[in-house]
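Enquirer: Here TrEMBL flags GLY56, SER57, GLY58, LYS59, GLY60, THR61, ARG169, GLY212 as ATP binding site. For ARG82, LYS103, ILE104, VAL105, GLY130, PHE131, PRO132, ARG133, ARG173, ARG184, the entry in TrEMBL reads ribonucleoside 5'-phosphate binding site. As annotated by TrEMBL, CMP binding site applies to ASN137.
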Amino acid sequence: MWRRLGFLSPAISSSKRQNRIPESLKLVMLFATDAVKDDITASRRPFITFVLGGPGSGKGTQCARIASAFGFAHLSAGDLLREEMSCDSKKGKLIRDIIMEGKIVPSEITVHLIKEAIMSSSADRFLIDGFPRSEENRIAFETIIGVEPNLVLFFDCPEEEMVKRVLGRNQGRIDDNIETIKKRLKVFEMLNLPVINYYSAKGKLYKINATGTVDEIFEKVRHLFGSLRP
Ligand SMILES: Nc1ncnc2c1ncn2[C@@H]1O[C@H](COP(=O)(O)OP(=O)(O)OP(=O)(O)O)[C@@H](O)[C@H]1O
Ligand SMILES: Nc1ccn([C@H]2C[C@H](O)[C@@H](COP(=O)(O)O)O2)c(=O)n1
Ligand SMILES: [Mg+2]
């Protein structure tokens, strides 16, 4: 099956930008012992789908449809961070500042939130929406949680369409303004495309043209998930 997905995914041009792992994350990785990984993988091995795409490409919209049609638990990294951001704490303020700047929150924070969410769920299949956003995110997940995704969906959408959708979203998000969107698009290209290329090379990527109506896009997604036996 995964070979077939690889075949369907055209290669994506690779980014020249190298991602560096910060010292703080190296320390977390050092202490991510097998005992910690076993928290999630000892009693079960959930089916994990990463859902990637630029800002406004429709990840959240399609995840909601997939979750209700195929029984996946939907974990949005952005939603988890926004929830944490609303806490009146130093960490909450740090997250708010980073999101306003369109940058990426340190991986140890995001992976910890995802890990907690997986552990407190009894689901056997997860959509992890908006993660990993960088090579650092990806490596932290693999090291701390100790599993690789079974499948990676990439919603490929032209920039003008993404900007139009984000500006029309109207959900009161602090990053839904033109200045932050421009920064998020640059960060997507610099940090997220290398991750997409990585999974493409591994034959795990399924690229979906994210233009058209929500229903038209979901038809393609439905076809893919209908052929899976997670
Ligand atoms: N196919 C579509 N056509 C038109 N509008 C869409 C389509 N899919 C989603 N939208 C709308 O575009 C906006 C962005 O969609 P969504 O929140 O799903 O994107 P996202 O990829 O999760 O973005 P972000 O990374 O910023 O969270 C929403 O208002 C949504 O209703
Ligand atoms: N892995 C992630 C996911 C999200 N963030 C931050 C930065 C994003 O701009 C913001 C919103 O996420 P979205 O709702 O668009 O998925 O949250 C991050 O730092 N790391
Ligand atoms: Mg979203």
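Any Cβ shown, glycine's included, is placed from N, Cα and C.
TrEMBL does not curate its annotations; it predicts them automatically.
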Enquirer: Counting only other Cβ atoms and using a 10 Å cut-off, which of the binding-site residues SER57, THR61, ASN137 scores lowest?
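Expert: So among SER57, THR61, ASN137, the binding-site residues given, the one with the fewest Cβ atoms within 10 Å is THR61.
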Enquirer: Which of the binding-site residues LYS59, ARG82, ILE104, PRO132, ASN137, ARG173 have a Cβ less than 6 Å from any atom of ligand 1?
Expert: LYS59
Enquirer: Considering Cα atoms only, can you say which of ILE104, ASN137, ARG173 is the nearest neighbour of THR61 (ATP binding site) among these binding-site residues?
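Expert: Going through ILE104, ASN137, ARG173 one by one, the Cα closest to that of THR61 (ATP binding site) is ARG173.
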Enquirer: If you draw a 10 Å sphere around the Cβ of GLY58 (ATP binding site), how many other Cβ atoms fall inside it, taking every protein chain shown into account?
Expert: 24
Enquirer: Checking the binding-site residues LYS59, GLY60, GLY212, which are within 10 Å of GLY130 (ribonucleoside 5'-phosphate binding site) at the Cα level?
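Expert: So far as Cα distances go, the binding-site residues lying within 10 Å of GLY130 (ribonucleoside 5'-phosphate binding site) are LYS59, GLY60.
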Enquirer: Using a Cβ-Cβ cut-off under 8 angstroms and a sequence gap of six or more, which residues of the chain neighbour ARG173 (ribonucleoside 5'-phosphate binding site)?
Expert: ARG82
Enquirer: Can you tell me how far the Cα of SER57 (ATP binding site) sits from the Cα of ASN137 (CMP binding site), in Å?
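Expert: So the Cα of ASN137 (CMP binding site) lies 20 Å away from that of SER57 (ATP binding site).
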Enquirer: So how many other Cβ atoms are close to ARG82 (ribonucleoside 5'-phosphate binding site), meaning within 10 Å of its Cβ?
Expert: 16
